[in-house]
Amino acid sequence: MMQRADEKLIPSVAKELKEAFNANLSDIGYLSFIRNIVQGLASPLAGLFVISYDRPTVFAIGCFCWVLSTLAVGASHYFIQVTLGVAVNGFGHAIVYPVLQSIIADSFKNSARGFGFGLWNLIGTVGAIGGTVMATVMAGHDFSKIPGWRCALMLMATMSAVIGILVFLFATDPRKDKTNSFVSHDHERNELMVQEGKKYDDTTMETMSSVWMESWVAIKDVTKIRTFQIIVLQGIVGLVPWNAMVFFTMWFELIGFDHNKTAVLTGIFTTGQAIGSLVGGIVADKMSLRLRRCRKGSCG
């Protein structure tokens with residue numbers, strides 16, 4: 001929830017950033033571009049961390065990366081400082097995403113995994129609504145002569161730091177708890193690999209001396225799966241409009257809506273996204289039971 005809220009901060013205060021640093025719209029767009037590039041490049045490294053280390057610990061590290069970057073952006077006096085902060089923010093989120101996805105995959109059986117991811121998206125979208133509304137409303141005010149957008153970033157960083165500490169102290173890795181009835185078993189994952197004709201040779205995998213080499217072999221095998229290739233292609237095309245929609249808040253403000261009305265409009269849009277995520281996950285589970293060969297990808 002806090003992760004998605006943090007993601008919405010920069011787009012929600014984009015107009016204020018533009019005015020505070022005398023930047024143009026292209027400069028604000030580059031912030032999103034830089035963050036996404038860093039996040040994309042760092043994601044494979046994050047995947048290796050997930051394999052090698054305790055996942056709640058990795059999550060906490062990623063959380064503190066985006067906490068520090070959010071604080072840095074809130075205290076910035078030059079646009080280059082904002083740019084560097086956004087880059088570090090992308091690295092932090094890149095670490096967190098694979099951790100969350102792998103934990104969800106291990107915490108639900110295959111027949112309920114769509115619901116698990118749908119619920120995750122629902123909760124995350126609720127956080128996005130909170131982050132968008134809070135930042136948009138606060139950006140329209142000053143607090144003790146401090147611009148509201150800076151206060152919004154500081155507040156979100158503080159709340160995220162608390163979440164990171166709680167995760168580090170109390171969260172447990174599902175891989176260590178095999179007694180939970182909702183925890184998926186290795187044979188379910190192997191079943192998918194068998195259907196794709198990619199069953200691993202356990203003896204070969206055990207003889208590899210490096211986790212990096214094992215991961216590289218796994219990556220090459222996964223990229224040969226046709227379903228994965230189609231998903232990647234769909235993601236490339238589908239993310240183009242979504243990245244444009246990130247700046248709905250700034251667009252609404254530029255065409256004349258005040259901060260409160262803008263917060264309501266973006267909240268309505270994100271609420272629909274939250275409901276759709278959960279419904280989509282449930283529908284995918286039902287379809288995967290009826291159309292086993294099509295799997296959950298048939299829902300898209």
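Glycine residues also receive a Cβ, built from the backbone N, Cα and C atoms like all the rest.
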Residues flagged as transmembrane segment in TrEMBL, choosing from 12-32, 264-284: 264-284
Criterion met for the transmembrane segment (58-80) and the transmembrane segment (152-171) (at least three Cβ pairs under 8 Å): yes
